[in-house]
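Quick look at what Swiss-Prot annotates:
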type	residues	note
BINDING	78-91, 285-297	NAD(+) binding site
BINDING	Arg99, Arg109, Arg138, Asp227	substrate binding site
SITE	Tyr145	site 'Important for catalysis'
SITE	Lys195	site 'Important for catalysis'
BINDING	Asp227, Asp251, Asp255	Mn(2+) binding site
BINDING	Asp227, Asp251, Asp255	Mg(2+) binding site
Amino acid sequence: MSKNYHIAVLPGDGIGPEVMAQALKVMDAVRSRFDMRITTSHYDVGGIAIDNHGHPLPKATVEGCEQADAILFGSVGGPKWENLPPESQPERGALLPLRKHFKLFSNLRPAKLYQGLEAFCPLRADIAANGFDILCVRELTGGIYFGQPKGREGSGQYEKAFDTEVYHRFEIERIARIAFESARKRRRKVTSIDKANVLQSSILWREIVNDVAKTYPDVELAHMYIDNATMQLIKDPSQFDVLLCSNLFGDILSDECAMITGSMGMLPSASLNEQGFGLYEPAGGSAPDIAGKNIANPIAQILSLALLLRYSLDANDAATAIEQAINRALEEGVRTGDLARGAAAVSTDEMGDIIARYVAEGV
């Protein structure tokens, strides 16, 4: 008998409800094809939660997420709420507290150049022709963004500002394990990014990653300095499988990876804790300018569901089926407006219907 799973669904604002509806169509197809018992509960978050409950992250939403196996998150924010105090705005008042509450220490950002979309890649045509499929694994809760001391002091010519890069062994070990486990589900190569020729924190990072690698003899490990990595991503992104990064370096490289795909509408994201509980969301924003027009690209939201299946439910076959269905749709020329470039475009609903049908049929 299959296990029962429960997903907290937080559509949010802007295009969030529209693209979430498409992911739920695909979830229905997964249920049927793979005989998975998945139930869902919907909760307000972000601006809609401010309107309905007076807070971007209501207590009921947090409690609902605590009862779930994973969170499928849409997007939050919009002009309506941008004049609120920063801590009360949808982005800072909802997403960041969720990450903190559930101790989500790792961020996974896949970046893939799909066949047929090479023209959107800003790299040279001969580089884009090779394609790429990269997973950026970023440590989220340590490093220079959170290290102490930090601050400003002094005045005049003696005024200064300072931040501190701090990493503990356990923080490096657990993010390294995420990277190596992820590589086992992919092409079995990890490239660890550091600045070990200069920084003490990077020297420790490299030492510990080497130690963790000994328990993954089936996964290839390489090390690369951050400055070289930024260049190599432009020169030949196809050389990379899994990038393992500290908070700062991952912040930089995950955005670079996103940029070279050419479309934010294709990029999912996962944030995980040590128990495998995760929050899954599109990497793009709420796009209020196109909300309600049925033209948004739902693929990032659907791919976020695929990540949820793979990492929180350990349903790799179902995740792969979604990815194959998306590949098929794109190879057949199915495009939403952001990818059409003047050609015929399908609506948000139509794209969701097509992908769900392809999941149900199998490729």
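Along the chain as shown, residues are numbered 1 onward.
Each residue, glycine too, has its Cβ placed from N, Cα and C.
Taking every protein chain shown into account, Arg99, Arg109, Arg138, Lys195 are the recorded positions, and of these the Cβ with the most other Cβ atoms within 10 Å belongs to Arg138.
According to DSSP, Pro86 (NAD(+) binding site) is assigned to a helical segment.
Long-range Cβ contacts of Asp227 (substrate binding site) within its own chain (separation 6+, distance under 8 Å): Lys195. Measuring Cα to Cα from Asp251 (Mn(2+) binding site), the binding-site residues that fall within 10 Å are Arg138, out of Pro90, Arg138, Ile295. Figure note: comparing Cβ neighbours within 10 Å for the binding-site residues Glu82, Asp251, Asp255, the maximum is reached by Asp251. Of all the binding-site residues in the record (Glu82, Ala287, Ile295), the one with the smallest CA separation from Arg109 (substrate binding site) is Ala287. Taking Cβ-Cβ distances under 8 Å and a sequence gap of 6 or more within the same chain, the neighbours of Pro86 (NAD(+) binding site) are Arg92. Under 8 Å, Cβ to Cβ, and six or more positions away along its own chain, Gly78 (NAD(+) binding site) finds Asp13, Gly14, Gly47, Pro90, Ser286, Pro288, Ala291. Compute the center of the Cβ atoms of Asp227, Asp251, Asp255, which mark the site for Mn(2+); besides them, the chain residues with Cβ within 8 Å of that center are Ile226, Thr230, Leu248, Phe249, Gly250, Ile252, Leu253, Ser254, Glu256. According to its DSSP assignment, Arg109 (substrate binding site) is in a strand. The Cα of Ile295 (NAD(+) binding site) lies closest to that of Asp255, out of the recorded positions Arg99, Arg138, Tyr145, Asp255. Less than 8 angstroms from the CB of Tyr145 (site 'Important for catalysis') sit Asn247, Leu248, each of them six or more residues away in the same chain. Long-range Cβ contacts of Ala287 (NAD(+) binding site) within its own chain (separation 6+, distance under 8 Å): Gly14, Ile15, Ser75, Ala296.
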